[in-house]
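Asker: Relevant sequence annotations retrieved from Swiss-Prot are reproduced here:
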- 4-24: transmembrane segment (TRANSMEM)
- 44-64: transmembrane segment (TRANSMEM)
- 87-107: transmembrane segment (TRANSMEM)
- 114-134: transmembrane segment (TRANSMEM)
- 150-170: transmembrane segment (TRANSMEM)
- 193-213: transmembrane segment (TRANSMEM)
- 225-245: transmembrane segment (TRANSMEM)
- 256-276: transmembrane segment (TRANSMEM)
Amino acid sequence: MNAIEALLFAVIQGVSELFPVSSLGHGVLIPDWLHWSINRTHPDFLPFMVMLHLGTAAALLIYFRRDWVDLIGGWLKAGGRASNPHARLMWLVIAGTLPAGLLGLLLEKQLRALFASTTAVLVFLALNGLLLLWGDKLKKKTASHELSELSFAGAIKIGAGQALALLPGFSRSGATLVAGLAHGLDYASSARFSFLLATPIITAAGLLEIPKLAHRGNGSAEWGLLLACGAVSGLCAYASTWFLMRYFKKTEIESLRPFGFYCLLVGVVGLLFKLV
């Protein structure tokens with residue numbers, strides 16, 4: 001990748017990680033369609049992706065900083081017990097994070113290697129679109145609840161939905177948004193919980209790879225460019241979070257429809273072009 005491609009990839013990562021349209025899917029499709037020379041096995045690609053993940057994680061931590069201060073403070077004040085609203089929500093986040101974290105550690109490399117072709121991505125992206133459209137229908141059939149009313153079993157099920165993102169084309173935020181709607185949350189509460197769940201997963205994805213970088217020596221990575229890409233990814237992720245939280249608060253009817261139709265259109269049209 002040259003510098004321009006790297007910066008554009010950072011924009012794609014920062015935006016599509018939070019929008020329910022699959023960052024991994026777009027990270028496969030767009031470079032392929034634009035004929036970018038990306039070698040994912042090159043030693044420089046790992047530090048590049050680490051910086052993008054850390055940039056996105058930093059954006060989420062900054063945007064939800066008050067939430068995290070309240071959650072951690074409430075949890076510590078309660079001595080780890082779910083005896084106040086903040087401590088209880090902290091436990092809900094922990095319960096929702098564990099399933100995806102464990103599945104990611106066990107299956108991530110195998111699944112991503114198995115389904116890394118553009119054809120597989122297009123199929124999963126179209127299915128992601130159908131999932132989002134189904135989520136809107138679920139919302140019409142379920143009464144809206146506050147996040148404080150979510151059960152621990154519900155949090156675990158919503159968190160498990162993140163595992164769908166191991167398949168390139170399915171969206172982490174999309175799956176958790178739909179799962180939240182299925183458990184009676186409104187769009188805004190579902191989005192907030194989705195982003196709170198994503199924060200430790202995305203942060204861990206970056207931090208767990210850092211020790212591997214120490215064994216690569218200085219290499220040929222241009223660290224100035226890597227830092228710039230991390231910053232670009234973070235800025236785009238922050239802007240995306242800001243937009244989406246306001247969008248879901250204001251749009252309480254069929255909020256997922258635009259994203260669902262977009263994924264379905266790209267997936268189906270992309271598959272048709274492959275057949276022609």
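Yeah, the Cβs are placed from backbone N, Cα and C, and that goes for glycine too.
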Asker: Any contact between the transmembrane segment (225-245) and the transmembrane segment (4-24), i.e. 3 or more CB pairs below 8 Å with pairs at least 6 residues apart?
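Answerer: Contact criterion met.
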Asker: In the same chain, which residue numbers or ranges, 6 or more beyond the ends of the transmembrane segment (44-64), come under 8 angstroms Cβ to Cβ?
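Answerer: For the transmembrane segment (44-64), the nonlocal Cβ contacts are 1, 6, 9-10, 13-14, 17-18, 38, 192, 195-196, 198-199, 202-203, 205-207, 209-210, 212-213, 216, 219-221, 226-227, 229-238, 241-242, 245.
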Asker: Establish whether the number of Cβ pairs under 8 Å between the transmembrane segment (87-107) and the transmembrane segment (150-170) reaches at least three, counting only pairs separated by 6 or more residues.
Answerer: yes
Asker: Are there residues at least 6 beyond the ends of the transmembrane segment (256-276) whose Cβ is under 8 Å from a Cβ of it, and what are they?
Answerer: 19-22, 29, 118-119, 122-133, 135-136, 169, 171, 174, 177-178, 187
